[in-house]
Amino acid sequence: MKMLAFLANPDRFRRLTGPALPVTGLLATGLVLVGAVWALGFSPDDQVQGEAVKIMYVHVPAAWMAMAAYAFIAVASLIGYVWRHSLADVAAREAALPGFVFTLLALVTGSIWGRITWGVWWDWDARMTSMLALLFIYAGYMALWRAIENEGQAARAAALLAMVGAINLPIIKFSVDFWETLHQKASVIRADGPSMPASMLWPLAIMALGYTAFFAFHVMLRMHTVILEKRREARARPARAASTATISHPASDGSPSGEHA
Amino acid sequence: MTEEQPKKRMPRRRRQQRLMLAALIVPALTGAIGLAVIAIGQSQVYFYPPRDLPSPSELDGRTVRLGGMVVEGSIEQGLETDTSFRVTDYVETVTVVTNDMLPGLFGDNQGVVVQGTLAADGTFIAARVMAKHDENYMPAEVADALEESGRLEEYKKKGLVEQDR
């Protein structure tokens, strides 16, 4: 909790995470490039799926990150809701768009893979349906932020939605164990260890790390931008006490109203 | 940034109240949703394994799904006629007839989900055939090497046991 209060100061946050921006940005680019070349060029074809297995290197990290981003939003929402750290609210809000895109990417690539291997683009099994629900939760979460004008109220409403929606994460993860599904069971994160050879696991891990670096880069960059924007707004806004007395007609003297503040 | 001002005089009690609120409402709502999902899941069957497939009279022409493994050597692909194959869960076996396009992964000892109706003679008339992939990935070269040494079936069986669970 000490750590949280420490990071909740926008200036301190910017100072501490500033150096991490170029690092995560470069890592994201490098890892995804290396992972993609390795996956497409040097990883083996699967015995039954053939070349279609290559879709997995885009699909699986996207699905993981879709869930990881949501978990991040849920935790940041709890911190923002209980301790009213507005920076945690910003972190949650800015993680939603990449989370939504990861979910969409997982659904689209999964659909293409499904057409090739299963023979159908889509099927309403528990895994696919719960993943589609995640996409809608992301969309609803982003819409809720924009629907409420007061930022504090929007943050509280969105945080509650995010926390309740987190129930979908275990449902997605265990959907393939609870129910009979068309989607196969987990191949990597499972009790008996990965049922995938190292020659496929390595490029997959590199892609997943690249996606993670990109997510960290995006969220931190957006947080920095929001902090700076708010500061500029605060500077441009005239001081409240002065506004009633001297700046009732801000444009009348021809100078920008900000000068008076 | 309206949070800055009241922060200093925000009493500890209010923060704890919010924590309590979050600790009560969130688990209650998630629990309710979770129970609803489980209840729906239990009443809905995605597919029947052959041993659980109801009799033709029970189904009465309803469209259902059947899932299992394609019995090795059972696929008969007619030129003019429909394709037929047998689906098994290693307890019961059902014969399936279809004129649907067969998916890329369809083949001997591969998982399959078919959707259609059960005829009075116990033949499953499938309007749609979907192949099911298991969680095992194996490079084609390794599979070839295993086949040469005659151990591929043993490996595959291990995957099948998992899936049947």
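Glycine too: its Cβ is placed from the backbone N, Cα and C atoms.
In TrEMBL this protein carries:
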| type | residues | note |
| --- | --- | --- |
| BINDING | B:HIS133, B:TYR137 | heme binding site |
| TOPO_DOM | B:1-18 | topological domain 'Cytoplasmic' |
| TOPO_DOM | B:40-165 | topological domain 'Extracellular' |
| TRANSMEM | B:21-41 | transmembrane segment |
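In the structure shown, the C-beta of B:TYR137 has more C-beta neighbours within 10 angstroms than that of any other entry among the binding-site residues B:HIS133, B:TYR137. Long-range contacts of the transmembrane segment (B:21-41) within its own chain (CB-CB distance under 8 A, at least 6 residues past either end) are absent; none are counted.
Per-class residue totals from DSSP over the topological domain 'Extracellular' (B:40-165), listed helix then strand then coil: 33 helix, 39 strand, 54 coil.
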